[in-house]
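The structure under discussion appears below in the form of structure tokens.
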Amino acid sequence: SVNYIVSNASCIVSDAVSGMICENPGLIAPGGNCYTNRRMAACLRDGEIILRYVSYALLAGDSSVLEDRCLNGLKETYVALGVPSNSSVRAVTIMKAAVTAFINNTASQRKVEVASGDCSALAAEAATYFDKVGSSI
């Protein structure tokens with residue numbers, strides 16, 4: 001499951017950012033936090049970093065790497081940069097939904113077949129990591 005998440009990270013993140021923008025189009029209007037290519041690229045980069053550290057936590061079965069390397073100081077950085085927390089949390093929530101759907105094999109646009117089985121515990125673990133991210137923002 002983690003390999004599938006990592007190999008589809010760019011799609012998961014871009015879908016989450018697109019969903020966030022669809023719900024708040026002002027983000028890409030002049031003056032919005034995703035306006036200009038540089039800011040959009042930073043948003044996508046941050047999403048990929050968050051997803052990568054959630055994947056590391058899943059592999060380790062422990063959130064300490066996520067907390068120490070990704071979440072420590074994230075809120076303060078976002079506040080200093082004027083990143084809207086509600087939009088960031090929304091993108092994380094969309095990533096959480098996509099990842100848990102991939103793990104539970106319920107993603108509608110799945111590109112590869114995976115072994116069947118009950119992965120609900122792994123999906124729940126992933127969800128807790130995304131919840132940690134959301135509460136840290």
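Just so you know, glycine gets a Cβ as well, placed from its N, Cα and C.
Whatever TrEMBL says is automated annotation, not expert-curated.
Take the CB of G47 ((2R,3E)-phycocyanobilin binding site) and look out to 10 A: across all protein chains shown you find 24 other CB atoms. Per TrEMBL, (2R,3E)-phycocyanobilin binding site is recorded for N33, R38, C43, L44, R45, D46, G47, E48, I49, C119.
What TrEMBL lists as N4-methylasparagine is N33. Annotation note: N33 ((2R,3E)-phycocyanobilin binding site) sits in a coil segment as assigned by DSSP.
Maximum intra-site Cα distance, (2R,3E)-phycocyanobilin binding residues N33, R38, C43, L44, R45, D46, G47, E48, I49, C119: 38 Å.
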